[in-house]
């Protein structure tokens, strides 16, 4: 690992590589902890290292989804368009708590504030709906990748945004049709989109979007989608 060149990575991103993430098995049972760096190295992923994560899809009251473009100084998938916020609960008592996925929802509140500058009082853990879980794996490049048991969370609220440039290059709100257009542009090689945004859009959002007033029928708390 010592010979990996990270000169291009933002200093704050380097510091976050030492955060302790929650290591799980394929059924989301906690089996330990490891650094963010180790969890995202392909050499460890190929040996089966798997960690807990989350993806947030945030809609405003006009039913437009917040899409962010990842900073060019992110370690994985730099410059890619992605979901509203994706990150990890940390290996600490508050974010390990599993009842009603409260630990993950606390982590999501923390990262929505850190990445997008959304004040904590604007989105509480109670505003964050735990929808389902998916298990995914993706390579960013020959060194770095993702292998996650990912909690899919939904928020529908108007918020104030002040993105951290070390995390987020740009933000935009898209209608359902505009999101499909973005995915079509990615298929033509015109833009870069994270694999998990495509997964979320194609596997889940097409069903949820017409029913944002009440997504309760689509909640799947005990299912892990293998994608």
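In case you wondered, yes, glycine gets a Cβ from its N, Cα and C as well.
Annotated in Swiss-Prot:
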ACT_SITE  86  active site
ACT_SITE  148  active site
BINDING   36, 70, 74, 87  substrate binding site
BINDING   40, 51, 146, 148  Mg(2+) binding site
DOMAIN    49-199  domain 'Nudix hydrolase'
Using C-alpha atoms only, work out the spacing between residue 51 (Mg(2+) binding site) and residue 86 (active site) and round it to an integer in Å.
13
Can you list, in sequence order, the residues of the same chain other than 36, 70, 74, 87 whose CB lies within 8 Å of the CB centroid of the substrate site?
13, 16, 75, 76, 86, 167
For residue 36 (substrate binding site): intrachain residues, at least 6 apart, with Cβ closer than 8 Å:
16, 17, 18, 19, 20, 21, 88
Could you say whether, by DSSP, residue 36 (substrate binding site) belongs to a helix, a strand or a coil region?
helix
Averaged over the domain 'Nudix hydrolase' (49-199), what pLDDT does the predicted model reach?
97
Identify, in sequence order, the residues in the chain of residue 86 (active site) that are 6 or more apart from it along the sequence and have a CB within less than 8 Å of its CB; answer 'none' if there are none.
53, 54, 55, 56, 150, 194, 196
